[in-house]
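*Asks:* Once you've had a glance at the structure underneath, I'll fire off some questions.
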Ligand SMILES: [Zn+2]
């Protein structure tokens, strides 16, 4: 290719065109930023300085001056809800729901309206207005927001303890999202069984527990409750069999079961056999709570010397305050009167500490309780509690 002189003219021309294009862009950016009210930047500044109250005031001013800033409306509404200011969140989302959207953007307008509705439903839910929340999410079931609506409806039914509706909603949600919810569904059946049991309908309760196991073969709670039903009806052999199945599902959960098993052996007049079984289980799966049950059973059936020996071994294997408490207890029985007095002071000190510190704990949010929960009262998760009591800081 030969060099032509007119190319020398073309270079400055392209350069000039590029320069003009850049100027146009910059001018557009400047015009747009001028269109935003100053309060918007003030609000941002407050947010960056972690002064949310002042930021909200500034943003509310923007919203008044520029009613078209829909995303800012949504952001503010969400912020109010998170801060627990449900009245303001509800007002903000109702306004978004009722406002006139510009003509010609029908699809977009509908999308914004559904989004506002879903946000409003969440405001009601968080504010505890469950009836209203249920109504809103019910309307959203036939729309593009149906996935979220179903998730929230399930949450509402659980809060309302409407377990049959919860089962139906969870099954539909499972079908929609292919996320397994069988463990939760088994708990809903167990809750239904509890209601039947409280009414004295033990057959109906047993049927619900069967459903729980059909939904989730690993449901520890269903076997535990089946054992309870058998024991309450005096069928102790069957109760022991049901409870011992828990070991095949989750050995850790046996800590909740061992006292029950021993109780039924006692009812059958075969407590020695129960202790033998518990010793063997403890050898397979040693833990503090199981040790405690074994200690009590051994001191009852084999006497203080055997119990003391057991406590010494456990203290060496896994030192803890509650084992020390048990050892002191065993020492007191065999001590002479002079030693006994001092040992009693030591024991009451250790016991008060260990009782205060022994807690069940949610593995999800860290909530601690004296009682074991299948569903955490703080974060609402199922099966999040460790079945063994810890001795952490209280
Ligand atoms: Zn929790």
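Cβ coordinates come from backbone N, Cα and C, glycine included.
What TrEMBL records for this protein is below:
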TOPO_DOM  23-394  topological domain 'Cytoplasmic'
DOMAIN    360-387  domain 'LapB rubredoxin metal binding'
BINDING   362, 365, 376, 379  Fe cation binding site
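Looking at the shown structure, can you explain where the listed features end up?
*Replies:* Through the fold, the domain 'LapB rubredoxin metal binding' (360-387) approaches residues 155, 158, 183-184, 187, 190, 221, 250, 252-253, 255-256, 394 of its own chain, all at least 6 residues removed from its boundaries and within a Cβ separation under 8 Å.
Residue 376 (Fe cation binding site) has a Cβ environment of 21 other Cβ atoms inside 10 Å.
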*Asks:* Sequence gap of 6 or more, C-beta under 8 Å: which same-chain residues meet both conditions with respect to residue 362 (Fe cation binding site)?
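*Replies:* In sequence order, 368, 373, 376, 378, 379, 381, 384, 385 meet the Cβ cut-off.
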*Asks:* Express the predicted model's confidence over the domain 'LapB rubredoxin metal binding' (360-387) as a mean pLDDT, rounded to an integer.
*Replies:* 94
*Asks:* What other residues of the same chain, not counting 362, 365, 376, 379, have a CB atom within 8 A of the CB centroid of the Fe cation site?
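*Replies:* Not counting the recorded site residues, we get 363, 364, 366, 367, 377, 378, 380, 381, 384, 385.
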*Asks:* Summarise the domain 'LapB rubredoxin metal binding' (360-387) by DSSP state, stating how many residues are helix, strand and coil.
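*Replies:* Once the DSSP states are binned, the domain 'LapB rubredoxin metal binding' (360-387) shows 0 helix, 8 strand, 20 coil.
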